[in-house]
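**Q** Supplied in structure tokens, the structure appears directly below.
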Amino acid sequence: MIMHWILAITNACNALKYVTRFSCDIFGFYVAFIYLQKGIQVLTRQGSEAPFYLSIVVALLVLVIGYLCGVIGTSPLFQHYIRVFIKDYGTPLTVIFLTGFVHIGKMREVSLSTLPTSKAFFPTLDRGWFIHFWDIRVGDVFIAIPFAILLTILFYFDHNVSSLIAQGTEFPLRKPAGFHWDIFLLGITTGVAGLLGIPFPNGLIPQAPFHTDSLCVTKVVADPNEEGANKGHVVTKVDHVVEQRVSNLAQGLLTLGTMSGPLLIVLHLIPQGVLAGLFFVMGVQALEGNGITLKILFLCKDRSLTPKSEPLKRIQRRLAIWVFIAIQLVGFGATFAITQTIAAVGFPIIILLLIPFRTFALPKWFTDEELRLLDAPTASPFTMISVGGNFGESLDDLDSPVVGRSGDETAVQSGGSDGMLVGDTAEESDEGAAERGEGPGAGMKRRESWRAEGRSGSTMEPEPPPTYISSPTPLHFLDCAILEPYLPQNRDSNESGAVYPHVTLTYAQSLDGQISLQPGAQTVLSGPETKAMTHYLRSRHAGIIVGAGTAKADNPGLNTRYSEDGINVVGFERQPRPFILDPSGSMGVGHTPKLFALAESGQGKPPCWIVTGSRVNEHMENRVRGVGGKVFEVGEYDIYREQGMDWGAVLRQMKTDGVESVMIEGGGQVIKDLLRRKNQMYISSVIVTIAPTYLGAGGVAVAPKRSAWTENEVSLRGIKWMPLGQDVVMAAFII
């Protein structure tokens, strides 16, 4: 207990920034094999006669049925709610069924070993509940300290890695993490468990990520990156996670309930062969989703039938994948081997040594690009912000996209942060919308519940963790003159008397007209010169618009670091006011912590939130207004997204609020919607950065929906070209 508190007070959890998928996958692989080994050990204790063979059959039945339930859960079979039920409850129902199955026919004559139990609310050993620690000698306490240190290391790593994996990048979580508080609470529970003489509670693999996975609402979408023989390939995408505390509390109460007399009798009926099968199910499922297994399967696949969206296909040196897997398997082998010896208690030391090995040794042979594809931070920057962010990521650079946070189309105009970000909320299936009460037929009760609960299941949406903003790095841009005709002459006043603000549409693309390799993929398209240009453009506009998808995925700052003298960043009056375009009202207070932190620190202006109809999330509204921002309700929500955004209403509202010039950076859906013929009248100018690269077929292109009466959807005039570093910038007006 004391050692846990020391870890919490000294912010020891900040070391989690160095933990990546490399060590987590090794640890998960090890735990999976421990479960498989445990299942085999249970079976070997059943003797060598009929009970042994029946136990094997029952264990294999549990494994096969439990695994098939998981397969059905991710398949297109049955209705969505049936699939979810089978996936979540198939395995426990299998345990119940096979517990009774062994009593059918001649099987009842076979004497099977069952789960051993004790008396209700009584320890397994014949002793009292409370440990008489006052009878322990002082010398024994000091002898126990080295073992306590090893156990603390084990619990520190086991619990935190479980927590990281349960909050991994594949889960689009909205509520912040509390690693330090978790360790402090774990110290309390460890102390209580020690006094009672019961096993210490802590997070576990694979139970913790299994729990998060069971709370995910998914949808099946077409893979936009496939063509030819792979055309029509579909992928299952996590839409959101139902974040609540009810299921955790229910698990604890059920565990307490199993100590009651009636349930102990029921538990005593479960054959040990069924329990062995349950261990097999957990081990196989943990192996199936492990990164080591997935990499091995990739190497075994037919290359021509491997989906193009597979990130590992972008690694030029196939040997790098083999070497990376070999290193992980050696780490797993060493960990597993030591647990089979008398020194088993020291296995956490090997796991801990893998972390600095990954951080400092692997980059000496692997390239940065290879490590980015082979390995990744376990959790997103949003989750890791309370421990200082992931290693190599600056909190001041959280404008850069987070791969895998969403299915948004994102592209970065520079190698660092604050590049042009494009992307917005991807198209949703009716299934995903219905889950949130947004689709056709959704009841008003479901919608009102969603608004009251912040789409998370809790009655209050917590404040996001603090974001620490360091001093901004000035960015100087010299080539201003050629862009002047395309920019507002006075960003804060309207001398022409126009009805709408001056609108500058700006984004970056490749030579083949694409803005991203694939939806949600971080794509570097240009260099530092165009990054400086982007910040100059921001300083020339009174407002800046991005879509909700980009805001959620990238946590942008939406301020400017432009410097006229190369030393001092322009003053607060030159900062643009951020506008988040959120038609469905899906934003939560934890999505854009940097935006709010910049506003609170005076390095950025308060954000404005644009929603449609009655889609206001009260918690988000309070957060926006709390930093001096505003909330605008514009138009009606288009459930089917056929008409797109009412840009006239949006721009009129901005004009009414005193915004005379606005820069639209994205995302992809926002850009494509604005470029539709009916909306082109609102665009004053277009500034596009063209990077010297081809992304290849299957990427995300800026292609507005074609109108039936025109051949060319968008035509330009007054075009000027400007080389800028390795890129070319085009400025133009729309005809």
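The count begins at 1 with the first shown residue.
Including glycine, each Cβ sits where the backbone N, Cα and C put it.
A TrEMBL annotation is a machine prediction, not a hand-curated record.
Since we're looking at a predicted model, the values are computed, not measured.
TrEMBL lists these features:
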- 52-377: domain 'Bicarbonate transporter-like transmembrane' (DOMAIN)
- 52-78: transmembrane segment (TRANSMEM)
- 138-157: transmembrane segment (TRANSMEM)
- 177-198: transmembrane segment (TRANSMEM)
- 319-338: transmembrane segment (TRANSMEM)
- 344-362: transmembrane segment (TRANSMEM)
- 398-472: region 'Disordered' (REGION)
- 445-454: compositional bias 'Basic and acidic residues' (COMPBIAS)
- 501-729: domain 'Bacterial bifunctional deaminase-reductase C-terminal' (DOMAIN)
- 681-703: transmembrane segment (TRANSMEM)
**Q** Please report, as numbers and ranges, the same-chain residues at least 6 past the borders of the transmembrane segment (138-157) whose CB is under 8 Å from any CB of it.
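**A** Beyond its ends, the transmembrane segment (138-157) has Cβ neighbours at 3-4, 7, 12, 27, 183, 186, 190, 200, 202, 345-349, 351-352.
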**Q** Near the transmembrane segment (177-198), which residues from the same chain, at least 6 beyond its ends, have a CB less than 8 A from one of its CBs?
**A** 1-5, 7-9, 11-13, 16, 123, 127, 129-131, 133, 155-156, 159-160, 163, 167, 379, 383-384, 386-387, 465
**Q** For the transmembrane segment (319-338), could you work out the same-chain residues 6 or more beyond its ends whose Cβ comes under 8 Å from its Cβ atoms?
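**A** Here the qualifying positions are 22-23, 25-27, 29-30, 33-34, 292, 295-296, 298-299, 312, 344, 346-347, 350-351, 354, 362, 365-367, 370, 374-375.
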**Q** On the 0 to 100 pLDDT scale, where does the domain 'Bacterial bifunctional deaminase-reductase C-terminal' (501-729) sit on average?
**A** 82
